[in-house]
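**Q** Pulled from TrEMBL, these are the listed features:
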COMPBIAS  826-839  compositional bias 'Basic residues'
DOMAIN    11-146  domain 'CUB'
DOMAIN    163-281  domain 'CUB'
DOMAIN    305-457  domain 'CUB'
DOMAIN    473-594  domain 'CUB'
DOMAIN    617-736  domain 'CUB'
REGION    826-856  region 'Disordered'
TRANSMEM  794-816  transmembrane segment
Amino acid sequence: MGVTDSERGLCRMSRPRLRHHLCPVVHHGDRLFASPYYGILAERSTTVRGCVYTFVAGPRQRVKLEFEHFHLAGSSESCEIEYVDIYSELERVESDLLSASLGGRYCGTVSPHVRISLHRVLVLVFHSRAREVDRQFGFRGRYSFIPDTKYQAGVPLDGEDGCSFLIEASKRKKGAIFSPTYPGTYPKNFHCSYLLKGKAGQRIRLFFRDFDIYFGGEHCPYDSVTIFDGPSTSSPIIKKVCGLQQRTELYTVGPEALIHFNTTNPAKADPRGFVVEYEFSTRFVDVAQLLHGQKGVTHMRGTECDIRVESNRETTHYIYSPKFPDLYPPNTTCTYILDGLQGDQNLEKVILTFEEFAVLSDDDSTVITEPPSLDDITCPVAWVGVATSDATMKATLSSTDESNYESTLCERIPASSPLMGPYVSEGPRMVVQFGTTDKLVTDGLRPNGFKAKVEFKTDFGVTGESIGTSNECLFRFRSPMGFFNSPRYPANYPLDTNCTYFIEGNPGQQILIHFEQFALYVGKEEEDRCKDWLEIYDVFQDGGEERLVLQERYCSDTLPGPTVSAFGAYSMRVVFSSDSKGSGNGFKALYEIRPAAKEDIPTHETKETRGDGAYRCGRRIRASETTPTGYVMSPNYPVKYNKDVHCDWEIIARDGYKILLTMVKMEIEGEVTANKAHCQKAVIRVSGAPRPEYCGTNQNVFTPFVTKNSSVRISFLTSPDKVNGLKGFNMSWTEVREVNEMSECSASNEYMCTYSKLCISSLLRCNGDANCGYQDDTDETHCARKESTTDKTIVIAGVFCGAIFLFICIFFCYLFKSKLERKKKRQRSHGSHHRHRQPYRSQKPVGKSIADSELPSPATSRFVHHDATGILPPITLHTIPDEEQTFYG
């Protein structure tokens, strides 16, 4: 059926070639089309099973279909009963539908998206295999003929496939590029190209006003739009996009760009295509002027003025505002991403310092002479934001989140102001953002904008004061308390690294160090066990010169216990070294600078709690002829020890003698094995011992040993943090003399140990303690006739306890007997008032009958059965006031 000439289009119907059913008229003057049995039209024919709808637009027009209602039998997954086929890429009415590209097949309730023909012709074919017509099914829509002017983006290029255009700035500075059938579903297996050419000095801005391209994956392997920063496919790619894009904005570096639109034949989908606005202009920021030809400073392709500054290891660079030192442009946002090195061997921080700053945001702005609080600075017109943390950088770089900065700056700032920096990043990256609105403020002075120096320094991740060059790991700590750690902790420390930590107090102070974590590289070979190490030194000042005394070296198999500086040393030095074989998480140690003790080792027994909460104890013990042995015990033993305990004992033997130490009992939190020692919370240290530190619950790890000289120092320390608090330890000491011959230990007051060859006091013979050393108990053998004090104590205690038990038993028996006698006495007293006795005796044989046929009482019956003589005992007779009866057996 035709339309008027003013409509410049034609809509006609025909029967499908494979069917011979007649189609009723479905075209209306209000440009509606519908299925043959939709609504009142179904009354005209209920036997039609197929229709072909052909829409032909006029010259320079396209056909547009929009469905208002769609409900056919079947489902979108299986179109077998009824369906609609759409052909929107036909060039002629006479085209063979069997060989034409099918735009889509639809059924069920999923309506086709808006359809716009690629040329002038669009054909819709309706198929039905339903045996009966159900009037609830059908479809209805509207058609129209629209101009195709907006699809002609520019001058068509000869020899192309009809979808390639040249867009020149000389003919149009602004415009829009529409995908071939926007907003209808775009064709499958299709290609379009758009070449944009501007003038010298111009840049091109592309803004995606609407973008809906089938998303097949992150790298857009199916349908995609690719933007090249130049005139050919060999130019750098700005971006390759697909899926849904919201208000994406891209810029070219030069005056030319090439856009390729490619489609495939993906899974069923109806994406609508895109609308891309373009603009040629010289007002966009000049990228070359912004870079200043610096190495490591690059433009981020696709942006107007975003800059990335990359470190080349300990390098220095400069960043500038657009057009510096002239006035910056309006409506401009530039982001500067400053990236230091980050890797297994390199980690840097960013240091930003402004050298010139005049970003005006107030009409009445003046030079800032005193820096206000950063929280009080408001910059509504123009600003510079500095983001140093991960959270603020993420918000600044996000296209959806509102920018957030640690510092926001504006106005003209003098060079002496602290607001000029330096600003230090928390990690290897910093983000700086410069922004202006459409309103610019100027004070008539120069320069305008900003110039800033960017320095990349090695970041060891240590909080102390750096006292070396930028690539030296030297740090000083002077605050009353704090912490220090291995480089980059808790990440793995770098290889081939040496760090020194200076912990400095004042005279009259001492330093406490305890470790929170300690995990150095563990090599597979035994020789690699101590390739990475940590050493702790006491620093003494002798006449203005330093003297370092090593406390201990710790390797991978250790978790050091708490330690304090030596008496008289108010500074400590910790040295960490790693080699090139492997790395670990490293360590974190906490320190406190405290008042020093009055004595190195208390002369007399000391137990005190100081003002800082530390518990101090210990004493100096001197062995003698009458005191050849003794014990050293932790505070409160065997009760739990507390946190922040520091105890020192010194045992001094007589000349020519040494000290034998033996662990009697040890319950200290931690663990010591043959391969490791983890004494983080509490530790025992003994000078000259086979091991530097002892803890745990296995006292066998402490092998009895003899000191090398006549004195020994024993220290016990617990962490100032929370401790579990076990029972502690008990250690025995014995004054001994090492001899080779029996004749050297033959005095009457001496005893020669058989195996250890130690000469001890004869007072220790058979005293109940093994005083001869490791695996030698000969001083306690053959002691059966001689009772020890311990045995006597046990016997006395047993006898005493038995006597107490016997006394308690006798006492309770007496109470029971007294109670029983009182009870009998009360019963006799009660009977004398209420009854009288009558003599009763019977000597009749057992089993004889009872007078008056009366049965014996229960008491009598009991004696009948159990009395061997058969004689019944007398029975008490009851007296009743009104009636008196006598019973005989």
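Numbering starts at 1 and runs along the chain as displayed.
The backbone N, Cα and C atoms fix where each Cβ goes, and this holds for glycine too.
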**Q** Could you give me three numbers for the domain 'CUB' (617-736), the DSSP helix, strand and coil residue counts?
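**A** Helix (H, G, I), strand (E, B), coil: 3 helix, 60 strand, 57 coil.
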**Q** Based on DSSP, tally up the residues of the domain 'CUB' (163-281) by helix, strand and coil.
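**A** The composition, in the requested order, is 0 helix, 60 strand, 59 coil.
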**Q** With DSSP as the yardstick, break the domain 'CUB' (473-594) down into helix, strand and coil residue counts.
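**A** Taking each residue of the domain 'CUB' (473-594) in turn, the totals are 3 helix, 68 strand, 51 coil.
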**Q** Pop the mean pLDDT for the domain 'CUB' (11-146) in here, whole number is fine.
**A** 76
